[in-house]
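The structure appears below as structure tokens.
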Amino acid sequence: MLVTHIFLLTLSLSVPTLGQYEHWLYYPEYQASQAPEPLPTPARNVPQIHVRLAGEKRKHNEGRVEVYYEGEWGTVCDDDFSMYAAHIVCRELGYQDAVSWSPSSKYGKGEGRIWLDNVNCNGREKSIASCGSNGWGVTDCKHSEDVGVQCSDRRIPGFKVSNELPGQLEGLNIQVEEVRIRAILSAYRKRVPVTEGFVEVKVQGSWRQVCNAEWSSKNSRVVCGMFGFPAEKKFNNKVYKLFSSRRKHTYWQFSANCTGNEAHLSSCKVGGVLTPDPKTNQTCSDGSPAVVSCTPGRAFAPSPGTGFGKAFRQEQPLVRLRGGANTGEGRVEVLKNGEWGTICDDKWNLVTASVVCRELGFGSAKEALAGAQMGQGMGHIHMSEIQCNGFEKSLIDCKFNVHSQGCNHEEDAAVRCNVPAMGFENQVRLSGGRHPTEGRVEVLMERNGTLRWGTVCSDTWGTMEAMIVCRQLGLGFASHAFQETWYWQGDINADDVVMSGVKCSGTEMSLAHCRHDGANINCPRGGGRFAAGVSCVETAPDLVLNAALVEQTTYLEDRPMFMLQCAHEEQCLSSSADRTSPTTGYRRLLRFSSQIHNNGQADFRPKTGRHSWIWHDCHRHYHSMEVFTHYDLLSLNGTKVAEGHKASFCLEDSECETDVQKQYACANFGEQGITVGCWDVYRHDIDCQWVDITDVAPGDYFFQVIINPNQEVAESDYTNNIMKCRCRYDGHRIWMYNCHIGGSYSTETEEKFEHFSGLMNNQLSTR
């Protein structure tokens with residue numbers, strides 16, 4: 001059974017649909033303080049009003065504050081507005097409290113009257129109409145000062161809506177606490193996810209069916225989208241009519257009227273009030289409960305053996321998500337001319353974001369994120385000012401501006417999509433930790449015909465496996481993967497090892513999807529103190545190499561051996577250097593500069609603490625990571641042909657963006673790492689910043705750099721840790737070309753890169 005929360009609909013048949021209303025920016029300076037408990041206020045002449053959230057939506061529970069007074073909707077000025085006032089607005093809409101408020105029409109400018117100015121609340125009022133103000137319609141503000149709020153997701157239990165306004169809005173103040181798809185037919189009751197059944201809404205604590213008399217396929221599309229499904233499909237209505245005729249139903253007294261492009265049922269208009277039949281007193285005497293049947297995306301369709309119907313099959317997508325911790329979220333990237341690039345967040349909203357989600361096989365968008373909240377991309381910004389109507393099959397079918405002047409990667413758009421409830425979070429738990437985001441990993445597995453909780457063998461346990469656990473639990477990224485957990489007292493009834501040999505690729509949605517030994521448990525060290533553990537965090541770093549700089553700075557140097565004593569000691573040279581004369585010999589070095597950016601949402605810190613760092617006498621500083629980057633020269637079949645290069649590193653902030661302060665430095669035993677928005681530079685002329693190619697024959701090669709190769713430190717994206725170039729060496733000169741980051745090309749373009757036989761420019765011709 002699927003359940004989700006939606007918010008108060010305050011609507012009129014004569015006013016515009018709420019689908020066009022909403023908000024976007026988040027202001028930390030107006031972040032939520034704890035909301036005061038509402039207390040009874042002295043009785044006075046307080047007018048009855050309605051409140052709604054308007055503007056371009058990036059989340060359904062935020063927007064420009066609009067008030068319905070004396071038959072007209074109007075806005076509220078931001079002068080003297082406070083978190084107390086924001087709490088009152090959200091409570092009036094049925095939410096427990098506010099998260100933040102935003103001034104200066106950040107949700108867009110409203111129209112018509114500005115009803116309230118200089119609003120002064122103490123946090124205990126029942127309505128914003130009870131707060132102090134200049135009086136109704138008394139203001140010197142313009143709509144550029146319209147205020148907006150963001151409410152929490154938590155609803156007030158049993159919240160009752162006032163229906164005391166006369167006129168057209170009478171009876172249309174509907175509170176829908178939750179909505180669900182309740183599987184009715186036996187064929188769907190045990191299936192995960194639930195894709196077909198009655199649409200039911202929870203009103204004042206009771207579940208009620210929705211009458212199908214005014215139900216449309218557009219309504220079904222919205223409901224399916226809320227539950228993580230990209231589309232609706234037809235179903236056998238005769239079976240449901242037969243079932244309904246044998247049951248007594250309690251109906252919701254209203255109908256919904258959706259356009260089909262809403263990201264949430266809360267954005268639909270109320271269609272009308274269902275009048276009870278005078279004879280039967282039933283509100284849906286000529287109908288039956290509304291039914292939806294949804295098509296799941298490919299990743300969520302049950303296996304063919306279950307007899308499941310057809311699943312939604314999207315074509316090869318021209319859009320992808322990167323940098324998100326959970327399935328269905330990430331920075332939006334689009335493919336153009338064989339190269340992936342980002343999109344600018346100008347005009348980015350829920351409707352447009354929902355097109356992306358559905359294109360990828362998810363439901364509608366839960367949240368449209370602006371300001372690179374899923375990390376910054378690299379390369380081109382392919383699209384900006386995108387405007388969709390919500391029914392496009394692909395983002396590229398929407399109207400957009402191909403020019404991105406004024407945009408930078410700090411404005412990269414991202415999305416969180418609604419995904420089906422698969423129940424994966426119920427199959428794993430963390431036990432014994434100091435807080436809910438850490439602990440010994442315990443999994444629910446079938447052993448000897450029964451389901452039982454047990455531990456995971458840590459012999460093959462690493463960061464990638466820990467990442468899957470954190471994703472499965474919805475806890476973000478893994479900050480650490482522990483192979484010993486003796487300090488965490490787990491459940492004594494779950495001490496036995498029930499899973500071993502776990503190896504994950506990083507794309508799985510649950511630990512059970514990773515390769516493992518199944519029922520053949522093989523754990524030489526046993527469980528107990530060697531059971532696997534994790535620690536999860538909300539954000540992670542993302543290291544990316546500047547590929548263009550590598551291509552621009554590459555050159556060869558013949559360096560005498562007597563100048564390479566320190567490098568020789570640190571094994572930065574090929575093993576043949578041991579046989580080279582220290583006085584007359586030399587080494588041929590492929591030199592280049594590297595610039596490693598942290599484009600993520602958290603600082604990159606070494607895995608080990610300062611007590612484990614190694615002092616390098618030649619360089620006169622500590623190296624915090626012995627294996628931070630690999631520099632490799634490969635033959636065209638992928639064989640390594642050169643050895644001798646920099647291995648251990650000291651990590652620091654060499655340079656930063658203008659608004660970012662340096663935090664890490666190698667000097668004076670300082671803290672090491674790379675701050676978000678900073679980069680660590682290794683110039684071409686520093687010791688060991690090379691590959692020793694003395695023994696390499698002339699020919700065509702691949703040059704490859706891999707950052708964090710052992711994945712010792714968790715990152716939001718490992719695909720961009722690899723940089724690869726084509727390379728031609730004629731015995732005297734070297735050419736580096738087509739340098740690019742892993743994942744920046746389409747599959748087809750990458751294959752052409754792998755098989756391209758020569759360099760096409762005025763220096764060397766194609767063979």
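Note that Cβ sites are derived from N, Cα and C of the backbone, with glycine treated the same way.
Of the listed residues (ASN257, ASN448), Swiss-Prot tags ASN448 with N-linked glycosylation site; the rest carry no such note in the record, though that does not show they lack it. CYS470 is paired in Swiss-Prot with CYS536, the candidate among CYS398, CYS407, CYS536 named as its disulfide partner. The disulfide entry in Swiss-Prot for CYS666 points, among CYS650, CYS656, CYS678, to CYS650.
According to DSSP, ASN448 (N-linked glycosylation site) is assigned to coil rather than to any helix or strand. Calculated from their C-alpha atoms, the gap between CYS725 (disulfide bond) and LEU543 (Ca(2+) binding site) amounts to 18 Å. For the disulfide-bonded residues given as CYS151, CYS536, CYS572, CYS656, the lowest number of other CB atoms within 10 Å of the residue's CB is seen at CYS656. The closest partner of CYS211 (disulfide bond) among the binding-site residues, by CA position, is ASP717; the full candidate set was ASP542, LEU543, GLU715, ASP717, ASN721.
Here the CA atom of ASN637 (N-linked glycosylation site) lies 36 Å from the CA atom of CYS678 (disulfide bond). Per-class residue totals from DSSP over the domain 'SRCR 3' (319-418), listed helix then strand then coil: 16 helix, 38 strand, 46 coil.
Sequence-distant neighbours of CYS141 (disulfide bond) (same chain, six or more apart, CB under 8 Å from its CB) are CYS77, ASP78, ASP79, ILE114, ASP117, listed in sequence order.
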